[in-house]
Amino acid sequence: MAGEKGGSRDEEREPLTRGSIEFRDSINSFDYSSSTASLSLAVIDRINGSTQDSRLGEKDQRDDDHDQYRNEEEYDVEDADYIPSGGKTVQKTTKIVLWALLFLCVGGWSLAFVIFLFRGHDTPQTSIASEENISSGGARGNRITLDEVLGGEWAPRAHSISWFPGPNGEDGLILEKDNLSATAYLRVEDIVGRKDPKASKKSIVLMQKKMFTVGRETVYSAQAWPSPDLKTVLVLSDQQKNWRHSFTGKYWLFDVETQTGQPLDPGAPDRRIQLASWSPQSDAVVFTRDNNMFLRKLTSNEVATITTDGGVDLFYGVPDWVYEEEVFSGNSATWWASDGDYIAFLRTNESSVPDYPIQYFASRPSGENPKPGEENYPEVREVKYPKAGAPNPIVDLQFYDVGKGEVFSVDVTSEFADDDRLIIEVLWASNGKALVRETNRESDILSIAIIDVLSRTGRIVRREDVNALDGGWVEPTQSTRFIPADPDHGRLDDGYIDTVIYEGRDQLAYFTPLDNPKPIMLTKGHSEVVNAPSGVDLKRGLVYFVVAGNEPWERHIYSVNFDGTSLQPLTNVTESSYYDVSFSNGAGYALLNYRGPKVPWQKVINTPANENSFEAIIEQNDHLSRKLRLFSLESKVYQHVTVDGFSLPVMERRPPNFDPAKKYPVLFHLYGGPGSQTVSKKFSVDFQSYVASTLGYIVVTVDGRGTGHIGRKARCIIRGNLGHYEARDQIETAKKWAAKPYVDESRMAIWGWSYGGFMTLKTLEQDGGRTFQYGMAVAPVTDWRYYDSIYTERYMRTPQHNQGGYDTSAISNTTALASNIRFLLMHGTADDNVHIQNSLTLLDKLDLDDVDNYDVHVFPDSDHSIYFHNAHKMVYNRLGDWLINAFNGEWLKVHKPTPNNSLFRRAETWGGLPV
């Protein structure tokens, strides 16, 4: 699980269409107009905008969970709003008046918007904010099928451009990969040259083919990372998945000039490596194998050993399970200094962390054959998994002097003991200095230290007691941005940009010099920044960031000067839309992603401060535009409800041809984890769309207290008592819907996956059948003592400090659960994230209290995403069919049933024989 980190990441919610849609366009197909360029790119990463992997919490939401330059429905502020209907000519005087009014309106709007962002507002909207209906198939349009949704037919195609820093400071270089090409598998292109070849260098082909031979071995590239000087490519082959983000494989060095390869470690070419990364100077690669670190310099075939005592319980340079899952959201705990002279890395000791056994009954993920006579026993994988209150891994930050070949540590006076410390971010500055972010185990005290590896000294320069500030917590993020000194551009000292708490919101701040604890505030007001900053233009002194706009379901892009002045939108903020963005290394160009509510599109643009005008379409999703003309989808109504004085965002999905005179069943869908967000303007055709569009039920989603972008007061109130306020918000909202004239209050259900599964059960428990009659919980937490320590203690503190909170948050009131008509519980047996222990212990409580109004489905060998052996299709088929039966009244609440004799028929006979 995780709070919103790097954005509200979809992967924290229930998985629906896990795989990205891979596609390859002609790499040379460009069609330019006078003002725009059409660009088709096959790039290294491809993202499915609807992909939803599975985890509790949102690591931001970069989730994430992507047409023309402008959609046909989209317009600029200058467009046709003041052109008279019928195309009549406007008289000159009228034009002057209209232009004057235009400038007054635009100026007034701009002033009002800046005041809004910087001063905020205290009165949230409580009425219907907007209604979206993206399909145009009409009353007789086709209905979507669940197979179409699960098969990805409604998933927007999206590209993730790999921006690449030029060896000589060039901006706007992109890394492209074409798996089908026999002459340009991997290459670097100057995106400006797509529009004006004379203004660009030619493309550089790094690898002609995807495969190459080394001796007798044929190497197939799975991933590839060019060196910063573009002379060598680090190639991964034989990739094998470990956990969510980690993997192992064989690594190779591929020479661009000769188009030949060699093993990264010539002395052990077949041994699997966990992680490898380039020196910023392109002259060395550091890697971890068998939890020890090594260094290969390109000038030699020799491999230097950095550490020697790594093993089962001791990790160097890579995170263990809980740090990978809950802190870094990645597979690396290694950081190169920008000059390549030093390497920082984590030493993780998990010898005290208890093991959790994961059994595999129908598969052997290890790939190893069982011993003779043990073929019929399940394979068991022991995972070091620290549950709440259990011993945590002990982490230390160490450094390696590349020139001296020496490992050392720097003592920094810390208020955190070894077993009470989390290291959540390491950021190199200049001149041998590194910023290190630490928190206590319960993640409510933040400490930032500066370490000088040249003098081997360090000190704490900033401390924040977040618990004392607002009762909240610190999310582990890695979005802090170093800003080097540049007197020519007005920056006398080094500094960094960080997200801070300011007036109850997450805002951007600039700290300079590095040891200055008092920042320059870059943003203020009602709206909150998201995973900021997104990009920094050092030459022009600009910071780009994403903000949840006038409404929490929006995302817009802005820039601001380093001194906090000249706030400017990069997107059209007059439209209620959802954008995200990635910037080139110099922030002169941006991949702008429009993600909804209309059909998503992508384009590369020049940023406003860049004088070189450029615009190129990357993706239009024409296939979705065509489909939408043939289908009838649900309409989405966005609004707010007020519960206990808190304004909460709600999205209601109404069936096609909605008739307010009818009575509709209602399904509530939720996730609800701390910092997460489910109500958004992103385009999505998912399971909820199927329920509303095809089954004809209303689907309601409310982001209750604890979720993201509704202010820290509403977010932090849940701390220490997960489930209580969140369930109340679901119930109170459901009561409001039950009172609506078009809702059948006798047919109301709720469902969720992961944290949403926990919330489903907690809501049913708290409601006791008074509002909801049915529920469906997939892979739920049922007792927070069973979940991992870093996530759980961030929001619940330790069980030793909050036993009462853990007791009340656990699903334990079986009498209340028995008061519902029926509920469904599903879980994968090999779930390494939310262990099946959660569901099994709940079943034991139900057995002890003779509760039987539920159904159970267990998926052998499936992890938290539930995919193994057709399980993903099965889980959604079961959800849909079970819901239909529930709303059809098939699930009867009958305890100790008796035979219905009226159903017996007397046997008919003929000649004494039964017929």
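Glycine residues also receive a Cβ, built from the backbone N, Cα and C atoms like all the rest.
Between N48, N133, the residue that has N-linked glycosylation site written against it in Swiss-Prot is N133. When the C-alpha distances from N349 (N-linked glycosylation site) to the active-site residues S754, D831, H864 are tabulated, the minimum falls on D831.
The distance from the Cα of N900 (N-linked glycosylation site) to the Cα of D831 (active site, charge relay system) comes to 42 Å. The Cβ neighbour count for N813 (N-linked glycosylation site), using a 10 Å radius over every protein chain in view, is 18. Taking the Cα of D831 (active site, charge relay system) as the reference point, the closest of the recorded positions N133, N179, N572, S754, N813 is S754. Proximity to H864 (active site, charge relay system), defined by a C-alpha to C-alpha distance within 10 angstroms, is shown by the following recorded positions from N179, N572, S754, N813: S754. If you take the CA of N133 (N-linked glycosylation site) and look 10 A around it, you hit none of the glycosylation sites from N179, N572, N813. Counting neighbouring Cβ atoms within 10 Å of each of the recorded positions (N133, N179, N572, S754, N900), the lowest count belongs to N900. Neighbour count (other Cβ atoms within 10 Å of the Cβ, all protein chains): 22 for D831 (active site, charge relay system). Counting other Cβ atoms within 10 Å of each Cβ, the recorded positions N349, H864 show the lowest value at N349.
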